[in-house]
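K.L.:
The domain 'Deacetylase sirtuin-type' annotation in TrEMBL covers 1-244. The active site, proton acceptor annotation in TrEMBL covers HIS123. Taken from TrEMBL, the feature Zn(2+) binding site covers CYS131, CYS134, CYS152, CYS155.
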Amino acid sequence: MEERIATLRRILDESSYTVALCGSGMMEEGGYIGVKNPDKAYDIEKKYGYSPEEIFTSAFYNTRPKLFFDFYKQEMLNGGPEPTESETVLEKMEQDGKLQCIITSNIYELCQRSGCKNVIELHGSIYHNICQRCGREYPVEYIKQAHGIPVCEDCQIPIRPGLFFFREMADSQLVTQAVEEINRAEVLLLLGTNLNSEVFSHYIKYFQGKYLVIIHQRSHYLDDNADMVFIDQPKNILSRLGYL
Ligand SMILES: [Zn+2]
């Protein structure tokens, strides 16, 4: 194991351009299970009468905002993940010029809260909420503390969370940016995700670099297509690279 970690360190040190993809495993190690997790999705459907995929859509937000916000506040804003050693290492790597870009599917700004700068958020962020009529921005605390539906103080209409809903297309500019970064990468790190990822698989096919490395707690048969695989939580491997 030590030898493999040393090999990974050498690959990262020699890389001229490294990009990290951060998936749901990064939230899990930060203490939060995403609403699409099968067990959690089942509980949600029992509790609300609809699946997370049904509730977290623009149709639902527009037509049943009360239930939408009950779900959003209770299941997504309440007890979200905290950054771990993983993000601390990524921040240090970025500072040292060992990591050029982070592309994430998490909406909790885990990397930014640890100081990372160049982060592409494919699914948006819970911290940016706007009134779609007047453009006024609201902090996440305003959403959390609102009784029932959080509305714009000026316009009295529901505030739109700064996230992409399920089945909503990501911003095309973000998609282009992510593709360009991956295309440019010499080393691609898959952290808390794998080649089967619903979010990232479309992007990974643009990778033309030298090393594709997976660090994820669950193995998958597609792992064979990577150059290096560590079946573990990202923090357990990243913290042993010696960057801190
Ligand atoms: Zn407004």
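Any Cβ shown, glycine's included, is placed from N, Cα and C.
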K.L.:
Which whole number is the mean pLDDT over the domain 'Deacetylase sirtuin-type' (1-244)?
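P.N.:
So the average pLDDT across the domain 'Deacetylase sirtuin-type' (1-244) works out to 96.
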K.L.:
Measure from the CA atom of HIS123 (active site, proton acceptor) to the CA atom of CYS131 (Zn(2+) binding site) and give the result in Å, rounded to a whole number.
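P.N.:
Cα-Cα distance, CYS131 (Zn(2+) binding site) to HIS123 (active site, proton acceptor): 18 Å.
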K.L.:
With every protein chain in view, how many other Cβ atoms are within 10 Å of the Cβ of CYS152 (Zn(2+) binding site)?
P.N.:
20
K.L.:
According to DSSP, does CYS134 (Zn(2+) binding site) fall in a helix, a strand, or coil?
P.N.:
coil
K.L.:
In angstrom units, rounded to an integer, how far apart are the Cα atoms of HIS123 (active site, proton acceptor) and CYS152 (Zn(2+) binding site)?
P.N.:
23
K.L.:
Within 10 angstroms of the C-beta of CYS155 (Zn(2+) binding site), what count of other C-beta atoms is obtained when all protein chains are considered?
P.N.:
14
K.L.:
So which of the binding-site residues is most packed in, judged by how many other Cβ atoms lie within 10 Å of its Cβ, out of CYS131, CYS134?
P.N.:
CYS131
